[in-house]
Amino acid sequence: MVRPQNVHWFIATIVFFIGFVHANTESILYKVPHNFPLKKPRDSSTYARDVNLISSISLSGEAMSQITIEANTTDLELHNTTYIELADLQRDETYQIKVCWSAIHPISINNLQTITIPRFTEFQGTKSDYARILVTFQVLSDSYPSEHAMVPIQVSLITTRLGIPVDIYPTLIVMVLLVAGLVVTRAPHVLNDLLLKF
């Protein structure tokens, strides 16, 4: 038989390690201003040197989109900032920007934020005739020497509804169904116990 004290230690250990599991995900919420000049479908970007200088995530008709980039974590590339353009956003909407990486890669994500690039402004070798929203972050290696030079990082752009990111909805639905199932299956027993007390 398991002793209650052992169960308490087991639960305490799990709660302690949850902080480490959460360490490989960083996220922020961003609300597009109501007067932000959105790109029209006929608008196009003009690039000074290379089309692929800035990666982008597009939400055209989707509630969630993601891309995988590879970040260089060698000592020459430390403190190098990654830029990703957020495309096809809607005014006055809130989005969650989530950066995830595998826990086997000892890295940290710092300075996760959004920036706005005004129209006709050259930025990282690109220029556009519309204002752009970019997410930026720095990848830092937590081990020396770096065990993996190129680390895959997944960046997700998720629409929020009622203040909740839509990727969490399936989990919430399952939890509500489980609780409802427990209530339905336990209700006759609880009602019977209450009637027996009277």
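Quick reminder: no glycine exception, Cβ is built from N, Cα and C everywhere.
Per Swiss-Prot, the features are:
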{"type": "SIGNAL", "residues": "1-23", "note": "signal peptide"}
{"type": "TOPO_DOM", "residues": "24-163", "note": "topological domain 'Lumenal'"}
{"type": "CARBOHYD", "residues": "ASN72", "note": "N-linked glycosylation site"}
{"type": "CARBOHYD", "residues": "ASN80", "note": "N-linked glycosylation site"}
{"type": "TRANSMEM", "residues": "164-184", "note": "transmembrane segment"}
{"type": "TOPO_DOM", "residues": "185-198", "note": "topological domain 'Cytoplasmic'"}
Site of maximum Cβ density within 10 Å, from glycosylation sites ASN72, ASN80: ASN72
Rounded inter-Cα distance in Å - ASN72 (N-linked glycosylation site), ASN80 (N-linked glycosylation site): 8
